[in-house]
Amino acid sequence: MFRSNMMDFAAEEQVFYPDISFSIRANVRDTRIYDWAGIDYEGFWATEAEQLHWYRPWDKVLDWQPPFAQWFVGGKINACYNCVDRHLSSWRRNKAAIIFEGELGDQQVLTYQDLYREVTKFANVLRGLGVKKGDLVSIYMPMIPQAVVAMLACARIGAPHSVVFGGFSAEALRDRINDAGAKVVVTADGCWRRGKAIPLKQNVDIALTQCPSVEKVVVVERTRSEVYMEPGRDLWYHELMQQAPIGCEPEVMDAEDILFILYTSGTTGKPKGIVHTTGGYLTGVTSTHRNLFDLKEDDVYWCTADIGWITGHSYIVYGPLANGATVLLFEGAPDYPARDRFWEIIEKYRVTIFYTAPTAIRLFMKWGEVWPNGRDLSSLRVLGSVGEPINPEAWLWYHKHIGREKCPIVDTWWQTETGMVMVAPLPGITPTKPGSATVSLPGVAVDVVDELGNPVEAGHSGYLVIKKPWPAMLRTVYKDPQRYVDQYWSRFPGLYFTGDGARRDKDGYIWVSGRVDDVINVSGHRIGTAEVESALVEHPAVAEAAVIGRYHELKGQAVSAFITLREGVAWAPELEKDLKAHVAKKIGGLARPEEIICAWELPKTRSGKIMRRLLKDIAEGRVLGDISTLADPTVIHQLMNKKSAF
Ligand code: WT7
């Protein structure tokens with residue numbers, strides 16, 4: 001059973017070498033790329049950047065004023081032009097850019113020419129609504145082609161987008177719209193989920209009662225459910241598009257102009273707006289997408305992430321489209337109408353590259369081989385994994401039952417902040433070990449260090465850090481540069497701290513174990529314990545709350561909440577249900593606690609600090625660590641008894 005991949009030494013010894021028939025055709029065939037890029041990483045990234053279309057070349061590759069970086073200084077570029085227009089001057093204009101599979105089995109194909117038409121029309125719509133270069137647009141949408149169109153249209157006119165995952169609640173949406181100061185919101189009436197129409201516009205309506213910056217809302221018709229349209233504010237996408245002209249001059253952007261912001265959870269209650277800029281980001285994601293997945297012209301590439309997360313931004317939209325790839329976009333769930341929906345889609349479209357998350361793989365394992373075995377998966381040639389450590393058992397299952405033992409697996413370690421993959425094998429040259437994301441990509445310098453910031457010796461564990469700037473790195477936290485400095489650059493002077501723990505093995509391979517801060521990773525989604533705690537204490541019944549991540553067989557980690565009640569409130573199953581719903585309403589379903597444990601008192605040190613480590617031990621059923629600093633040891637017994645309830 002999966003506990004921690006760091007404990008699985010036996011599996012670590014298993015090494016899979018790239019297949020020679022794959023290697024000889026691979027985009028990256030020469031192992032010297034690591035050395036060359038290591039010696040001259042600026043030169044390496046400059047060569048990668050040259051593959052893009054620039055209006056004006058850069059004067060300087062990197063301006064590094066730690067911890068603030070500028071890449072391709074003086075360069076002028078437009079991300080949308082690179083993802084769309086560039087492909088129109090060749091046969092690629094008739095290549096499928098997006099193959100869309102709706103949840104109900106409806107399908108739609110957009111060629112690059114089609115994409116150009118839709119994107120330029122929508123760019124004109126946005127300009128018509130008064131969106132100018134530098135204005136922020138929030139996007140709250142399901143996985144439908146219009147979401148990609150909206151992102152690219154923003155990029156075209158130089159309006160940074162802020163995509164908010166459709167699973168976030170109205171309140172979470174409100175906070176993100178307000179932090180960004182968005183002028184326009186693009187949304188849909190709803191989306192399909194397991195055959196049911198889920199409302200989205202309703203959440204926007206609730207959010208907008210407290211969002212003074214928003215002037216217009218554009219609504220895509222998807223489920224045709226009834227929605228309220230506020231006169232003068234809300235407009236239908238299809239009506240606006242009918243009148244919009246095709247063709248829209250792209251804004252010439254500075255390499256360092258903001259392309260987008262994306263909110264992610266940190267160690268405080270307030271999500272951070274991670275800022276990504278244009279030239280370096282596009283260089284990083286385009287290069288890594290091509291090399292990691294060995295992208296070929298005729299591939300059908302499918303990444304199952306949602307565009308609301310960084311994976312969707314970098315590896316559904318910007319990287320793949322800049323490379324002129326055919327991208328499959330799927331709206332629905334893996335088990336609707338049946339548990340082989342993913343395999344049915346792979347069979348239907350002859351998908352060649354498949355990129356998904358360990359939590360999904362563990363679910364497929366649980367459902368059994370019978371589902372993939374019933375489908376023809378022979379088109380697959382490269383598999384990817386992202387979001388959390390992949391346990392060796394899941395890796396081996398993926399390799400055997402999905403890859404049919406002929407596909408390399410690229411386990412990709414990265415973060416919202418890194419923008420691009422940082423640690424992963426190159427499928428034609430890097431031997432893989434199940435459970436390890438292997439080594440830094442060429443031009444990237446990830447390391448494992450001890451408390452003092454010194455590299456750990458082989459076989460030791462420490463903190464995962466990044467030693468050199470990289471082109472797709474976050475530039476700052478939106479409107480809060482101090483938080484950028486404190487959060488990432490203060491723990492180890494001169495090093496970027498990822499928040500992850502890792503071990504380096506005798507071959508120099510990196511084994512990421514997970515977060516070492518107050519951030520939990522539930523099914524590959526990041527949740528700050530402080531956010532859940534503040535949601536809980538806002539409830540009138542709750543006096544105090546401590547939230548931790550505990551081991552969960554499918555999700556990797558689950559949210560576990562410990563609370564004390566206010567005077568006069570009695571604990572009851574209905575209250576637990578109510579509190580869970582309250583958290584979902586405040587943040588979104590993904591933050592809903594798995595269990596809520598009510599106690600008389602939370603374990604605290606004599607100075608009043610809650611001992612989360614003990615709570616984690618209790619939740620995971622471990623022998624308790626040191627309790628000598630505990631103010632009141634009897635608290636623990638009570639909690640242990642409660643725990644037996646789950
Ligand atoms: C955190 C970043 C990058 C897109 C998805 C999540 C964990 C991610 C791996 C991996 C081990 C991984 C880390 C990281 N993580 N990929 N291949 N192996 N851990 O983005 O929400 O920014 O979360 O996810 O803990 O810090 P995110």
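Glycine is treated like the rest: Cβ placed from N, Cα and C.
Annotations in TrEMBL come from automatic prediction, not curation.
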Among R375, R483, R515, R550 - the residue TrEMBL places in the same ATP site as G387, E388, P389, D411, T412, W413, W414, Q415, T416, D500, R526: R515
Secondary structure content of the domain 'Acetyl-coenzyme A synthetase N-terminal' (32-83), with strand meaning DSSP E or B: 22 helix, 15 strand, 15 coil
Neighbouring recorded positions, C-alpha within 10 angstroms of S523 (CoA binding site) - of G387, T416, R515, V537, K609: G387
Mg(2+) site, defined by V537, H539, V542: further same-chain residues with Cβ within 8 Å of the Cβ centre: A535, L536, E538, P540, A541, A543, A545, I563, L579, H582
Entries of R193, R194, H539, V542, K609 (recorded positions) sitting next to ligand 1, with Cβ under 6 Å as the cut-off: none
DSSP residue counts for the domain 'AMP-binding enzyme C-terminal' (531-609), split into helix, strand and coil: 24 helix, 28 strand, 27 coil
Rounded Cα separation (Å) that holds between P389 (ATP binding site) and T311 (CoA binding site): 15
T311 (CoA binding site): secondary structure state under DSSP, collapsed to three categories: helix
Neighbourhood of G195 (CoA binding site), C-beta criterion under 8 angstroms, separation at least six: E103, L104, Y336, P337
